[in-house]
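Engineer: So TrEMBL lists the following for this protein:
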type: TRANSMEM; residues: 115-134; note: transmembrane segment
type: TRANSMEM; residues: 146-164; note: transmembrane segment
type: TRANSMEM; residues: 170-186; note: transmembrane segment
type: TRANSMEM; residues: 207-228; note: transmembrane segment
type: TRANSMEM; residues: 234-251; note: transmembrane segment
type: TRANSMEM; residues: 258-276; note: transmembrane segment
type: TRANSMEM; residues: 296-316; note: transmembrane segment
type: TRANSMEM; residues: 432-454; note: transmembrane segment
type: TRANSMEM; residues: 460-479; note: transmembrane segment
type: TRANSMEM; residues: 491-509; note: transmembrane segment
Amino acid sequence: MNMLSSSCPNCNTTVSLSQALRPLWHDHESKSTSTANAHAAEEISFANLLLNDQSEKSLLGETTAEDSVLGSPGTDMAELKLEEMIVHPPMDQLQGFEYCIDSNPSWGEAIALGFQHYILSLGTAVMIPTLLVPLMGGSDGDKVRVVQTLLFVSGINTLIQTLFGTRLPTIISGSYAFVIPAISIIHDSSLNRITDDHERFQQTMRAIQGASIVSSCIQIILGYSQLWGICSRFFSPLGMVPVVSLVGFGLFDRGFPVVGRCVEIGVPTLILFIAASQYLKHVSVRRLPILERFSLLITITIVWIYAHILTVGGAYKHRPERTQLNCRTDRANLISSAPWIKVPYPLQWGAPTFDAGHSFGMMAAVLSTGAYKAAARLASATPPPAYVLSRGIGCQGIGVLFDGLFGTLTGSSVSVENVGLLGSTRVGSRRVIQISAGFMIFFSVMGKFGALFASIPFTVFAAIYCVLFGIVAAVGLSMLQFTNMNSMRNLFIVGVSIFLGLSVPQYFFRYTTSAQHGPAHTNAEWFNDYINTIFSSPPTVALIVAVFLDNTLDFHGAAADRGMGWWDRFRKFKGDSRNEEFYTLPFNLHRFFPTS
């Protein structure tokens, strides 16, 4: 019997092919006799077709490598084993990872990898405040404080999630999903009437804080009441394919459109990163694949130096302002504005203000689980059970609560780019992410040093995103292996969900750009924010469409086609022995969190 086993040294993940296929066999056995006879007839027809094909090739003297798998001409097809017919059997864990979720590299390597994840997280941490703070009337000093605060809270939220949440190796950082409701609050007429810029900045920050605090309650309730776990019963591998895929594909506008703003920096970054991480990945130093493991650090260092040479050499002196902002290394104004030491603290901007209309938009941005599915797969772990996902949503709600208390201008969710980096480095260790959280907290306090790294042009990060977002999207597509993609029903659901998940948010974006307000534009501002936020998120649109179609369209008797047999044993915490290995809470805390 062929065995499927993970290459991850400390993961007990060996699963026989017969055990992996047992849910499908059981599903077929439970069908009626007539259905079983129909399947038998199909298998006999398929075997005869293969046998006839082999006979024709033997008469013509043609043989291929594929024929060696199916057997030599004249082989009795009745003796052909299922394992021999399945060349690439479905696997619930990705193979080829050097370190998985609960195995760790050496401390030196782990620290270097953690620093690499910290550098990658700077892109979002700098970009969101750079976009929002000027709209609020804030100065460069205000922007630096927001960046420091966002990194500080991200470090805390990451530690909470990896210790007490899903326990997956995920960095929890600022989310673009909260930018739309934040901009709606910024454009509120009552705030725009404030003439003093600094006063307007502080009042707007307090309004965003209040909305974040209220919206966090939704996630906390959904998570710790296990309502989200109950809802997840309607999720199948087929339904999750569009959701997880669009976690990556939905961020395409953060990729090459931004690279194109400074092609002389962005394109070399993209080429160098692909070359180092893929084509030169076997280059090793003392048996350590140095280029594959640290390709991001190496690429960013080389391109950063190159960009600085262009800057000091005067290459951008007479170029348009937008080009200088995207290409120069001295336009962020972070280093000069940053304090040497500054510890962010709760309510540092003043007491939050609460408005029901502001809060509804934030509530629409809080739901996100697709990235957890991708992180589990790229950490070579099993699909997280519903109970674990509920726990993660609850912890994510606590993270948004901290965002509101400290004032980060945005809520928190899983950093998609850092999930992609797990696949690029083939290291899914939880310890590496926890070390990265330590770097976030440390450099957010040491303001000047953190601002130095944050001055990397965002074009460099955008080029890296082109690869990492693509990896996450491909992880979503890999879930198709658990489904029957010869089913017209499944093809319809996947195709329509992915297309609408990309097309609907694009419509909302273009409408907002041209009209300066979203398609939902009524007298009820809370309703506008809610609708415009939901339908501007590709994964959310894909989730709504895919889950609705999957649970209403010819779903009777389609469990095997939907891939439900593969996930049955992962729905409950005790359903698979590996769940306990990957997701059990430390310090015996699982006693206080029921696993039902």
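Glycine is treated like the rest: Cβ placed from N, Cα and C.
What you see is a predicted model, and the numbers here were worked out from it, not measured in a lab.
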Engineer: Taking residues 6+ outside the transmembrane segment (258-276), which of them lie with a CB under 8 Å of any CB in it?
Structural biologist: 291-292, 295-296, 298-300, 302-303, 306-307, 310, 322-323, 326-327, 457-460, 462-464, 466-467
Engineer: Looking at 146-164, 170-186, 207-228, 296-316, 460-479, which one has the highest count of Cβ pairs under 8 angstroms to the transmembrane segment (115-134)?
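Structural biologist: Going through each listed stretch, the top one turns out to be 170-186.
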Engineer: Which stretch, 170-186, 234-251, 296-316, 432-454, tops the Cβ pairs under 8 Å count with the transmembrane segment (491-509)?
Structural biologist: 234-251
Engineer: With the transmembrane segment (432-454) as the reference, find which of 170-186, 296-316, 460-479 contributes the most Cβ pairs under 8 Å.
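Structural biologist: That would be 170-186.
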Engineer: Cβ pairs under 8 Å with the transmembrane segment (207-228): which stretch of 146-164, 170-186, 234-251, 296-316, 460-479 has the most?
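Structural biologist: The stretch I would name here is 170-186.
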Engineer: Could you check whether the transmembrane segment (234-251) and the transmembrane segment (146-164) come into contact, where contact means at least 3 Cβ pairs under 8 Å with the two residues of each pair 6 or more apart in sequence?
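Structural biologist: No, the transmembrane segment (234-251) and the transmembrane segment (146-164) are not in contact.
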Engineer: I need to check the long-range neighbours of the transmembrane segment (170-186): which residues 6 or more away from its ends have a CB within less than 8 Å of a CB in the stretch?
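Structural biologist: For the transmembrane segment (170-186), the list is 117, 121, 124-125, 128, 131-132, 135-136, 150, 154, 157-158, 160-162, 204, 207-208, 211-212, 251, 254, 358, 361-362, 364-365, 368, 371-372, 375, 396, 399, 408-415, 418-419, 433, 436-437, 518, 525, 528-529, 532-533, 536-537.
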